[in-house]
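Peer 1: Straight out of TrEMBL:
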type	residues	note
DOMAIN	18-45	domain 'C2H2-type'
DOMAIN	46-73	domain 'C2H2-type'
DOMAIN	74-101	domain 'C2H2-type'
DOMAIN	102-129	domain 'C2H2-type'
DOMAIN	130-157	domain 'C2H2-type'
DOMAIN	158-185	domain 'C2H2-type'
DOMAIN	186-213	domain 'C2H2-type'
DOMAIN	241-268	domain 'C2H2-type'
DOMAIN	269-296	domain 'C2H2-type'
DOMAIN	325-352	domain 'C2H2-type'
DOMAIN	353-380	domain 'C2H2-type'
DOMAIN	381-408	domain 'C2H2-type'
Amino acid sequence: MENKILPYISQNREEELLICSICNKAFTGKLSLDTHLLTHTGEKPYVCEKCNKSFGMKRQLQKHMHIHKDEKPHICNICGMAFKQKSYLQTHMRIHSKERLYVCGMCDKSFAQRVSLRNHLLTHTGERPHVCDICKKSFRIRHQLHSHMIIHRVDKPHVCSICNVSFKRKLDLQTHMRIHTGERPHMCQICHKSFTQKRSLQLHILIHTGEKPHMCECGKTFRLRHSLKLHQLTHRAEKSHTCSVCNASFRKKSYLLVHMRTHTGEKPNVCDICYESFTQKGTLKRHMRIHTGEKPHECDICKKSFPRKCSLQVHMRVHADDKPHLCDICNKLFPRKNSLQIHMRVHKEGKPHVCTICNRSFKQKYHLELHMPSHLDEKPHACSMCNKSFARKQHLNKHLQTHAGQTTNRCDSTGHLNAPLLLIFLPVQVQNSCL
């Protein structure tokens, strides 16, 4: 199929428009059309001589070449971090300004960078596009795949000079060395607790901000991924509804139908005021607050209100210094003394194992595991007399006491349970005899 040529009259002169034969997009120059055609063919003629990465356009290669240079002329005037490109610095500055331009249309969570939003959306769709060629394990984010690939390396070239433990990555060795040096470079600016790893500090900060970034499909959120996984045990019911596109599975058909909209692009929930459309009813409801001015999420400390929960969570960082009451055991901070006193009961009563659903605490992990089925739909222990079922066996045993003095009258042919018969216990005279 040949590209079409159409006449085009500009303000100064008559020119010919070159039309792409694939998508009918028009261009005024052959070079522009040739560059555009690469988007259809997938051809990437511009190759980096240092890392062999290829690009469709020359300016993309030129921009890429900056990563092979050592110069980082763009410096953050707040934290001193340096960047090779001005755009990287501008994106970084959002960390200090707390500006979050990119908002998830499904859960309303916001992000400073577009790539962070893109990676977050995969948690809703269930997609894992990055697959390991060796073991076929899949990952949501590319750098997770890169980190995973290290486990397939046989050699461990980085050896600790003190204890001879070896590591596959130099970074892992550097982190390990802090065990010997006692170095804890990552310090919390709120309570001044220090950590050996940056990730440990990031998790610790969530205690002060109250953020819970890990969300279950049922809407409940958690501070730690481990807590989310424990909670998901309560959803052990079979996920029989599977997406035919990405194989994500769901407990309810309605969840699957909502999920399918991420693939079809369907947005049936339309705003009556501005006609913006959304995939989920809840997202439309949150959007309507823009028009109504409703702000249901209120700060307990300064009473300022917000239309979105995530905005309140970001705001709470302002009051990080307004929580003077510190728990000596777990370092959790509280704005009021009575809140700390209530919290201390968890430690004083010696019940460290807390249910993530109802907050009930237990002395032993085993007791918590026994308690968890009470939140499940499963009730495997059924009474043979009245067919009532229970989540725990001891509840069944207690219930059976209500049938004391009764026995079942089950039909031998049909198996139906008839009215119970009352047992009459007669006194029995027992004679003792020597054996």
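Going from the start of the chain as shown, residues are counted 1 onward.
The backbone N, Cα and C atoms fix where each Cβ goes, glycine too.
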Peer 1: Please determine whether the domain 'C2H2-type' (102-129) and the domain 'C2H2-type' (269-296) are in contact (criterion: at least three Cβ-Cβ distances under 8 Å, sequence separation 6 or more).
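Peer 2: As far as Cβ distances go (cut-off 8 Å, pairs 6 or more apart), the domain 'C2H2-type' (102-129) and the domain 'C2H2-type' (269-296) touch.
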Peer 1: Let's see if you can do this one: DSSP helix, strand and coil counts over the domain 'C2H2-type' (18-45), in that order.
Peer 2: 12 helix, 4 strand, 12 coil
Peer 1: Would you report the average pLDDT that the model assigns to the domain 'C2H2-type' (353-380)?
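Peer 2: The answer is 70, the mean pLDDT of the model over that range.
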Peer 1: I'd like the per-state residue tally for the domain 'C2H2-type' (186-213) from DSSP, helix first, then strand, then coil.
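Peer 2: Helix (H, G, I), strand (E, B), coil: 12 helix, 4 strand, 12 coil.
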Peer 1: Where DSSP helix means H, G or I and strand means E or B, what are the helix, strand and coil counts for the domain 'C2H2-type' (130-157)?
Peer 2: 11 helix, 4 strand, 13 coil
